[in-house]
Amino acid sequence: MSEKQGKVYVFDHPLIQHKVSMMRKKETNVKEFREMATEVATLMGYEATRDLPLEDVEIETPMCKTTVKMLKGEDIAIVPILRAGLGFVDGMLALVPNAKVGHVGLYRDPETHMPIEYYCKLPSDIDKRKTFVVDPMLATGGSAIAAIDFIKRRGATDIAFMCLIAAPEGIDALQKAHPDVDIYIAARDERLNEDAYILPGLGDAGDRLYGTK
Ligand code: PRP
Ligand code: URA
């Protein structure tokens, strides 16, 4: 059987676009940035879960018996890439409160821009779950590719990647490395600068979430 072909989805919903634009502004403070990250994660999660399978279930209303649609008990995992990906977890959990949460710790070497792993803890049944890997930024794609490598090695087969802002270089690299993975983004930006930061971007997502600059 041929492998599923992933797609790139750019969410153009006005609320998502507005909030991401606010997050880009340099005067947006840590509290506002963090709150908006949670709000955008919920809005993006709402769109990204559009294809979750439903099943017919018989219930009884106060009036009569009827058949209704309910989620087919699909089990979900959310895997933030530490640390900035943590900013997406609460917003996603607001939609799917029973999801399990794994963590992959990676940081980019400032010289080589290559991802360095420092932590990986995933649900033991990740192979049976639809897994949303979340991180606000897709720059070179190195971190997302490495995180998805780990998750696939643990048996996951149904994986989507969700981020706020992506550079064309990162989208291409991720599609090449993991062609089966759907990519959900709020904005496709222009390019990377010489330090592999996204332009116009929003700066360093981890620093903006946690005030560490
Ligand atoms: C940022 C961001 C991504 C990565 C994207 O994390 O949150 O994980 O860079 O860049 P890439 O696509 O070129 O790999 P960073 O390494 O700054 O770590 P942090 O989240 O701990 O700040
Ligand atoms: N990581 C960030 O946080 N921002 C970028 O623009 C690129 C990588």
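Keep in mind that glycine also has a Cβ here, set from the backbone N, Cα and C atoms.
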Among R34, R50, R108, R191, indicate the single residue that TrEMBL lists for the 5-phospho-alpha-D-ribose 1-diphosphate site containing R83, D135, P136, M137, L138, A139, T140, G141, G142, S143, D204.
R108
Euclidean distance between Cα atoms of A205 (uracil binding site) and S143 (5-phospho-alpha-D-ribose 1-diphosphate binding site), Å:
14
Any idea what DSSP makes of S143 (5-phospho-alpha-D-ribose 1-diphosphate binding site), helix, strand or coil?
helix
If we check Cα distances from D135 (5-phospho-alpha-D-ribose 1-diphosphate binding site), which of the binding-site residues I198, G203, D204, A205 wins as closest?
A205
